[in-house]
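Novice: So Swiss-Prot lists the following for this protein:
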type	residues	note
DOMAIN	1-175	domain 'Macro'
BINDING	D11, I12, N25, G33, V34, D35, S122, T123, G124, V125, Y126	substrate binding site
ACT_SITE	D35	active site, proton acceptor
Amino acid sequence: MKPQIEVVVGDITTMEVDVIVNAANPSLMGGGGVDGAIHRAAGPQLLEACKTVRQQQGECAPGHAVITIAGDLPAKAVIHAVGPVWQGGENHEARTLQDAYLNCLRLAAANGYKTLAFPAISTGVYGYPKAAAAEIAVDTVSEFLTRKPLPERVYFVCYDEENAQLYQRLLIQRGLTPDA
């Protein structure tokens, strides 16, 4: 069966899915971009949950992910994934980004979540080239979904049409659109 992957232009904090992914920083304490938006929309409970995780485990290393409550968000949970900072591509950034996506998918599956929404991890202040990051995201997610029953559906939530078109083109090229 073909993986169920959709591209959406919009605000990830309003997605009515089981779990959303936060492009977090290692401190898990919120920040700019999507990280700050998710923390603001979720309310103080999310920061408290992140503080607890940090006290138990320390910082979250690049490529890793942790799961928390969602606070005031419509989602049931938030998976905080730390992607790599782009350093030119010679420091295992691609592998680290792939690991971040895989660890999110594994956490969602382990918790029985059927629907998952991803932002474009590492493409903001971390500077990962958007096209290369989209390719890693689409390939990693589609490969995982063909081998595992959960999650059943994944959304790539893009903040603008330009980014969404990158993902949509990749889905078409790989025959992953519903009509392909």
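Numbers here mean position along the shown chain, with the first residue as 1.
Glycine is treated like the rest: Cβ placed from N, Cα and C.
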Novice: Whole-number answer please: how many Å between the C-alpha atoms of S122 (substrate binding site) and D35 (active site, proton acceptor)?
Specialist: 11
Novice: Could you check the recorded positions D11, D35 and say which one's CB has the most other CB atoms within 10 Å?
Specialist: D35
Novice: On a simple 10 Å Cβ count over all chains shown, which one of the binding-site residues N25, V34, S122, G124, Y126 is most densely packed?
Specialist: S122
Novice: Among residues D11, I12, N25, G33, V34, D35, S122, T123, G124, V125, Y126 annotated as binding substrate, what is the maximum Cα-Cα distance? Answer in Å.
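Specialist: Spelled out: the longest distance between any two Cα atoms in D11, I12, N25, G33, V34, D35, S122, T123, G124, V125, Y126 is 20 Å.
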Novice: Helix, strand or coil for D35 (active site, proton acceptor)? Use DSSP.
Specialist: helix
Novice: Just to verify a number: CA distance, G124 (substrate binding site) to the residue listed as 'active site, proton acceptor', in angstrom, no decimals.
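Specialist: Rounded to the nearest whole number, the Cα-Cα distance is 10 Å.
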Novice: Sort the binding-site residues D11, N25, Y126 by C-alpha distance from D35 (active site, proton acceptor) and give me just the closest.
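Specialist: Of the binding-site residues D11, N25, Y126, N25 has its Cα closest to that of D35 (active site, proton acceptor).
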